[in-house]
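Annotated features, as they stand in Swiss-Prot:
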REGION    1-31  region 'ZR-N'
BINDING   4, 7, 20, 23  Zn(2+) 1 binding site
REGION    32-56  region 'Flexible linker'
REGION    55-92  region 'ZR-C'
BINDING   63, 66, 83, 86  Zn(2+) 2 binding site
ACT_SITE  76  active site
ACT_SITE  77  active site
ACT_SITE  78  active site
């Protein structure tokens with residue numbers, strides 16, 4: 001989360017820059033920004049991977065190993081995911 005150096009408001013990402021909606025300040029240094037957004041999860045699904053049954057919700061989460069955005073939410077409280085492409089288990 002980044003804040004405007006002029007007025008202290010939250011900076012929003014617009015295209016390839018960050019913009020303050022209050023005073024209009026813009027910053028082109030967005031390569032360090034990680035965007036997260038809430039996604040409505042699909043209904044629970046059962047997935048079979050490598051002969052192992054995995055139950056969970058299909059979610060959009062970036063896998064740190066292969067870069068895929070499809071994952072199974074294994075544990076919501078611990079934010080534990082399993083990548084649907086490479087089966088890597090990670091948390092965010």
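The backbone N, Cα and C atoms fix where each Cβ goes, glycine too.
Cβ proximity to the Zn(2+) 1 site centre (mean Cβ of 4, 7, 20, 23, cutoff 8 Å) flags the following additional same-chain residues: 5, 6, 8, 9, 11, 21, 22, 24, 25. In the three-state DSSP assignment, the secondary structure recorded for residue 78 (active site) is coil. Residue 83 (Zn(2+) 2 binding site) is 17 Å away from residue 77 (active site) when you measure Cα to Cα.
Neighbours of residue 83 (Zn(2+) 2 binding site), defined as other CB atoms within 10 A of its CB across all chains, total 22. Listed in chain order, the residues near the Zn(2+) 2 site other than 63, 66, 83, 86 are 64, 65, 67, 68, 71, 84, 85, 87, 88, each with its Cβ within 8 Å of the site Cβ centroid.
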